[in-house]
Amino acid sequence: MHIAALHQPSQVQLNQDGNLKHFLTIEGLSKENLTKILDTAQSFLDDNNNLINRPLLEGRTVMNLFFENSTRTRTTFEAAAKRLSANVLNIDIARSSTSKGETLRDTLWNLEAMAADIFVVRHSSSGAAHFIAKDVCPKVAIINAGDGRHAHPTQAMLDMLTIRREMKKPFEDLSVAIIGDIKHSRVARSDVAALQTLGCKDIRVIAPNTLLPVGFSEYGDHVRLFNNMDEGITGCDVIIALRIQNERIDSPALSSQSEFYRMYGLNKERLSLAKPDCIVMHPGPMNRGVEIDSSIADGEQSVILKQVTNGIAVRMAVLALSMQGQLQEQGLIDAIAL
């Protein structure tokens, strides 16, 4: 399964009315589509950043299918579904029939027959969620919880919500730096795509050459690549630090983790080069002392734990929006900002 096979994702993700049917990738969605997700997520948070429960998916069944390990993403999807009053089933892939040789198609068809409304899928193969939505279970709403190096759209949207809530200014006026293992990161790709779609004109991608993918500059004129960390973060509003994806690296990309920290680790001295009100983000899991110093991760400018709360709100929004047509039919549409 390869990214190159993913043609015209908007035709798969949106229904004939232009509303969300599946959420597979940021690419192919408009600024209006993304803003709708952010506005809906915002409606699930009060002024004190507390989550608001809404029984919008009562009677629906959400199945979490994680073919890769996860803590935050799987747990926040489960929390999001339960806050919407959905039935939640966490499928133990390691003990499922796939371990006995059953194909992915047969596994999914059997789960679909159990009256699943939404599949939340994480898979090591790039394009897996798109394949499922287009060719296997098109009638079930498919939410991509991360596919290989390709995309992590809900992470990108929770990052965008965090930036919007914390910075309180248009994306057009922000400078955002993304630091770390860009080459192997689905978060980096989705964040850059979301930032561009929402109008950010100063996106800085910072990494050694060995951790920069070929062709990343094709995202457009507003993306700049930096090998020099200090130069890249000077004057920025937002810093997103990424861990080194050791599980996806086929050949040595670094001389050592200590060398990476020396050259690219975010510490107090480097953070002082950014704007005084710069916020620091990280999708997790963090490797303290590698891409980020503990004093920064736990410091006043860190919004890392707020990202987790915002992640539940965003995933509530995506789950609800994927059921939008049915919610409209049942008169529940006015309950949230859809």
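Cβ coordinates come from backbone N, Cα and C, glycine included.
A C-beta separation below 8 Å, combined with a sequence spacing of at least six in one chain, links His152 (carbamoyl phosphate binding site) to Asn144, Ala145, Gly146, Arg186, Val187, Ser190, Pro283. Taken from Swiss-Prot, the feature carbamoyl phosphate binding site applies to Arg72, Thr73, Arg122, His152, Gln155, Gly284, Pro285.
The Cβ neighbour count for Arg186 (L-aspartate binding site), using a 10 Å radius over every protein chain in view, is 23. Annotation comment: Swiss-Prot describes Lys100, Arg186, Arg243 as L-aspartate binding site, evidence class sequence analysis.
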Taking the centroid of the Cβ atoms of Arg72, Thr73, Arg122, His152, Gln155, Gly284, Pro285 (carbamoyl phosphate site), which other same-chain residues have Cβ within 8 Å of it? Ser70, Thr71, Ala145, Gly146, Val187, Pro283
Please work out which residue of Arg72, Arg122, Arg243 has the most C-beta neighbours within 10 angstroms of its C-beta, and give that one of the binding-site residues. Arg122
Residue pair Gly284 (carbamoyl phosphate binding site), Arg243 (L-aspartate binding site) - Cα distance, angstrom, rounded: 8
Position of peak Cβ density within 10 Å, selected from the binding-site residues Gly284, Pro285: Gly284
Out of the binding-site residues Arg72, Thr73, Gln155, Pro285, give me the one sitting nearest to Arg243 (L-aspartate binding site) by CA distance. Pro285
Report the largest Cα to Cα distance, in Å and rounded to a whole number, among the residues Arg72, Thr73, Arg122, His152, Gln155, Gly284, Pro285 that the record lists as binding carbamoyl phosphate. 16
